[in-house]
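Annotated in Swiss-Prot:
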type	residues	note
DISULFID	CYS13-CYS118	disulfide bond
MOTIF	84-100	motif 'Involved in PIP2 interaction'
MOD_RES	THR114	phosphothreonine
Amino acid sequence: MLWQAYVDDHLMCDIEGHEGHRLTAAAIVGHDGSVWAQSATFPQFKPEEMNGIMTDFNEPGHLAPTGLHLGGTKYMVIQGEAGAVIRGKKGSGGITIKETGQALVCGIYKEPVTPGQCNMVVERLGDYLLEQGL
């Protein structure tokens with residue numbers, strides 16, 4: 001399966017049981033910051049933003065004082081799973097980033113999608129990729 005199909009079919013799809021509710025943007029990005037696939041709405045990010053995210057996976061808590069920045073948007077870092085998932089909140093929306101062996105699975109949401117729904121969509125694909133050795 002092509003990487004774009006993972007984004008289109010598994011991240012930007014309707015949320016289970018909530019027809020018409022979906023993430024506002026999603027991407028799969030390599031650990032080096034190269035974009036493997038993304039939705040048309042995924043923000044253009046700076047290399048230093050991706051470096052900060054990768055540092056937080058290696059040194060959990062790194063982003064907590066400054067926030068998570070992606071595409072010029074600042075998210076307040078909320079509970080995650082050290083070395084596995086980073087979650088951020090901004091107003092009525094937020095972001096979930098799941099690290100796999102080779103990539104970051106990113107999902108951005110706004111209401112009516114809930115944080116839990118975004119987590120489920122992003123982490124389910126991330127877990128699948130981990131199971132595949134990716």
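Cβ atoms here come from the backbone N, Cα and C positions, even for glycine.
Secondary structure counts, DSSP: the motif 'Involved in PIP2 interaction' (84-100) has 0 helix, 13 strand, 4 coil. Reduced to three states, the DSSP call for CYS13 (disulfide bond) is coil. Its Cβ taken as reference, CYS118 (disulfide bond) is surrounded by 25 other Cβ atoms within 10 Å in the chains shown. In this structure the alpha carbons, written CA, of CYS13 (disulfide bond) and THR114 (phosphothreonine) are 15 Å apart.
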